[in-house]
């Protein structure tokens with residue numbers, strides 16, 4: 001993938017990043033190549049448009065949200081370290097137990113992963129998924145044949161299910177509970193993309 | 001490709017079972033023919049009044065009798081759950097077979113009835129495998145496909161080779177005395193013993209609810225290793241015929257090629273047949289009564305065709321079931337789907353029972369028993385040991401690549417679950433006595449192994465699972481929010497793969513889904529059902545359905561007391577409700593794997609006796625494709641159930657004095673309006689010309705309701721009906737009034753129905769009194785039951801509120817409803833209670849359609 005011209009030397013703070021994110025050097029290198037590839041105008045930073053250029057993302061119903069998750073509030077661009085930090089959420093957990101088991105909260109922990117997903121809903125970052133926010137996500141994800149009323153009632157019911165403190169919104173704790181009660185049925189398979197063995201495919 | 005493989009002598013040697021035929025059956029067929037001859041050919045002296053023609057009916061009679069006996073055996077065994085909790089049913093059936101066999105042996109002094117390969121492979125096995133394919137949890141299956149294939153291919157080869165070589169080694173070492181078995185014959189024996197048997201695995205694992213990944217690994221392996229078994233068996237069979245000297249590298253390479261041809265050819269054939277079935281069910285609208293038959297016939301044809309081409313028949317029928325399940329469930333009428341599901345289960349369960357009984361009977365036959373302690377015990381030992389070694393080694397490799405590694409305990413269970421069964425026995429019986437001198441020893445050993453694995457390992461499986469604390473299948477409620485989140489996760493992972501530029505598992509799946517959605521669904525699904533599929537939405541439906549079910553069940557419980565007082569209602573209730581409920585129940589059972597409160601008490605069977613439940617359990621959470629079925633189900637049954645509600649409400653309204661208790665009235669009206677709105681939406685699917693008459697009203701409606709313009713026409717017409725019902729009297733009712741019975745009258749001033757507003761009712765505490773409680777307050781005679789109801793009922797309006805979107809559901813599927821509408825409507829008219837019973841504003845009602 002990409003040219004072999006770039007090496008570890010080109011990556012700023014490579015060591016720190018590896019420490020922080022738990023990526024191996026090979027991963028980091030590959031991600032850097034990818035970053036450079038996405039960075040069409042060679043500014044060293046990615047803009048939302050750069051992400052938008054990825055073909056598959058345009059077909060993704062919540063692609064915009066995912067893109068915006070890469071940008072911290074108020075910022076227009078994302079540099080390589082931040083890019084890697086976001087991606088580090090998706091490293092499979094379990095592989096780094098030995099490496100940084102002492103660390104309190106690795107970036108790819110279950111909680112952090114859920115937090116990432118939570119923030120996809122929580123656009124106003126108030127720590128709660130309101131009904132309106134859930135509705136937006138639902139609207140994006142359900143086809144047009146589902147009517148507004150149906151969306152309303154689905155959102156209504158979904159909130160009811162998760163809402164333990166009856167404040168008509170889902171807090172992060174409630175969000176976490178939902179996922180804990182019933183384990184994700186898909187986890188047995190190789191879900192997470194940045195698994196070492198999958199890179200080459 | 002196939003031709004070439006057929007041309008090679010050792011592949012086409014014998015399609016799995018074709019060469020051997022059931023001696024007993026043939027014999028009796030001859031006798032049958034003789035019976036016919038004597039019946040008609042001989043000259044008779046007088047007209048017989050009654051003749052006894054046993055030979056005339058012998059064969060079918062015996063078959064039917066055996067089926068009956070096997071069924072009765074199962075019934076007896078299942079009668080006592082204390083026994084089946086300890087000893088699996090399959091083991092008991094085998095033991096029952098022993099007894100039966102003993103009786104037959106005692107009577108005939110020869111074993112007349114044994115499990116012949118023809119009967120087994122052609123008449124008993126296909127339906128079990130088709131059932132397995134049809135109920136396959138696809139996502140789980142394909143998600144773990146890599147692991148399953150590794151176990152099925154490498155694991156089976158390993159089992160075969162290691163067993164054959166070790167036995168040969170022991171033979172050379174002199175462990176089993178003087179036997180006339182060469183290396184190749186040992187390998188042949190190893191290959192027939194290697195395969196884990198799907199029937200035995202289903203039978204044992206369905207009673208131990210291990211976690212779904214573990215189950216799918218064992219089960220998937222047992223299904224897919226058939227391709228390997230067939231090839232290994234045929235190859236070694238041919239090698240044995242050729243003799244050791246003639247085997248060279250070319251032949252071995254041919255063997256390897258034949259594996260790919262047999263396995264992939266079989267799968268591909270099944271796939272093609274699956275597509276064929278799907279396409280066919282697109283066009284069966286007018287012959288719904290026989291459409292379930294197509295599934296079975298084409299499935300069976302897939303099996304036979306593969307057999308004919310000497311491909312893997314099991315793989316073929318598995319993939320046929322796997323491919324078509326989604327499309328046929330969507331295409332066929334809901335009743336047909338239930339029929340298919342049930343017939344599938346009846347056939348599969350019946351065959352399974354027969355197989356185990358006959359496995360038992362086959363043992364009681366002096367002629368086959370040849371005892372060789374060394375051979376038999378070593379076989380047992382090696383099978384166990386090599387299974388463990390194989391599983392642990394392969395898992396060790398797999399775990400390096402798996403995101404969620406397979407745990408140690410799961411590996412133990414996987415190894416221990418390597419049950420051998422009737423497939424091995426069938427293959428052993430097919431061995432050629434001329435080529436293999438010790439055929440009977442092999443058969444006896446196979447039988448011993450089968451009994452050992454099914455009975456001993458079957459019995460010990462459950463304690464082992466408990467003792468090792470194997471993760472069980474989590475019985476969890478499928479919640480909507482969870483579904484939504486899973487969907488979000490899917491999208492996120494795909495997006496991250498896009499961003500990081502990797503092509504991984506998610507990427508492939510996404511691409512496949514896209515392709516499937518765009519092309520396959522387009523080609524294979526009816527346009528009407530294609531529209532209405534949405535996964536999150538279908539869960540929503542499922543949940544609604546569940547609510548409705550318990551709601552109806554509760555109503556029934558309460559209602560039965562009332563009906564003592566009210567005879568006409570009783571009849572009405574019984575007629576409608578009873579039917580609907582019993583009709584709905586099986587579907588729910590099949591569809592909702594989780595334990596549903598009110599419904600579960602109807603299910604007296606605490607231990608799932610059918611593989612159905614096991615599969616359903618496993619499928620939970622990943623049944624996205626099957627949900628369409630529920631979707632339809634919901635439409636139909638809720639609609640009917642709702643009529644019951646309406647009936648009750650209108651009657652209860654009778655009692656309510658609305659001047660005195662306005663709050664209650666509001667609640668009732670809300671409930672009614674929701675229910676009615678559902679009805680109206682359905683009825684509103686009127687021909688466009690009707691709608692056009694009220695286009696003006698449509699315009700008025702649109703804005704206040706905030707409906708966007710892209711809604712379908714029929715949708716407006718639904719709302720339009722509401723408006724009429726709201727207050728207008730006869731005016732303008734000539735058209736739509738005649739198309740549906742005007743029972744919506746009790747909503748004067750209720751405002752435009754909009755589910756979005758419903759929640760607002762909740763905070764008002766007085767409203768939270770369920771209608772029957774209100775009723776009871778007014779009618780002192782009802783106090784006692786209502787108190788009970790109060791205690792028992794989980795109802796709050798927030799529960800009931802979930803019922804509201806039924807209306808919405810009707811809209812999304814209007815074409816489906818459209819087809820259904822005329823018939824239902826007619827029924828409505830018939831079932832309409834006599835005019836005096838729902839009196840409230842009679843003027844409206846009469847004006848409506850008189």
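Note that Cβ sites are derived from N, Cα and C of the backbone, with glycine treated the same way.
Sequence annotations record features per position, and here TrEMBL assigns compositional bias 'Pro residues' to B:833-843. Here TrEMBL flags B:81-467 as domain 'Cation/H+ exchanger transmembrane'. Among the features that TrEMBL reports, region 'Disordered' is placed at B:682-714, B:806-850. Residues or ranges marked as transmembrane segment in TrEMBL: B:89-107, B:119-136, B:148-168, B:183-205, B:214-236, B:256-277, B:342-364, B:376-398, B:440-459.
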Candidate ranges B:119-136, B:183-205, B:376-398 - greatest C-beta contact count to the transmembrane segment (B:89-107) (under 8 angstroms): B:183-205
Selection from B:148-168, B:183-205, B:214-236, B:342-364, B:440-459, the stretch that has most Cβ pairs under 8 A to the transmembrane segment (B:376-398): B:148-168
Intrachain residues whose Cβ lies under 8 Å of the transmembrane segment (B:256-277), provided they are six or more past its termini: 1-2, 5, 8, 11, 133, 227-228, 230-231, 234-235, 294-295, 298-299, 301-302, 305-306, 309-324, 327-328, 524
Recorded stretch, among B:119-136, B:148-168, B:183-205, B:214-236, maximising Cβ pairs under 8 Å relative to the transmembrane segment (B:342-364): B:119-136
Annotated stretches the transmembrane segment (B:119-136) and the transmembrane segment (B:183-205) touching (3 or more Cβ pairs under 8 Å): yes
Two-stretch contact, the transmembrane segment (B:440-459) and the transmembrane segment (B:148-168), at least three Cβ pairs under 8 Å: no
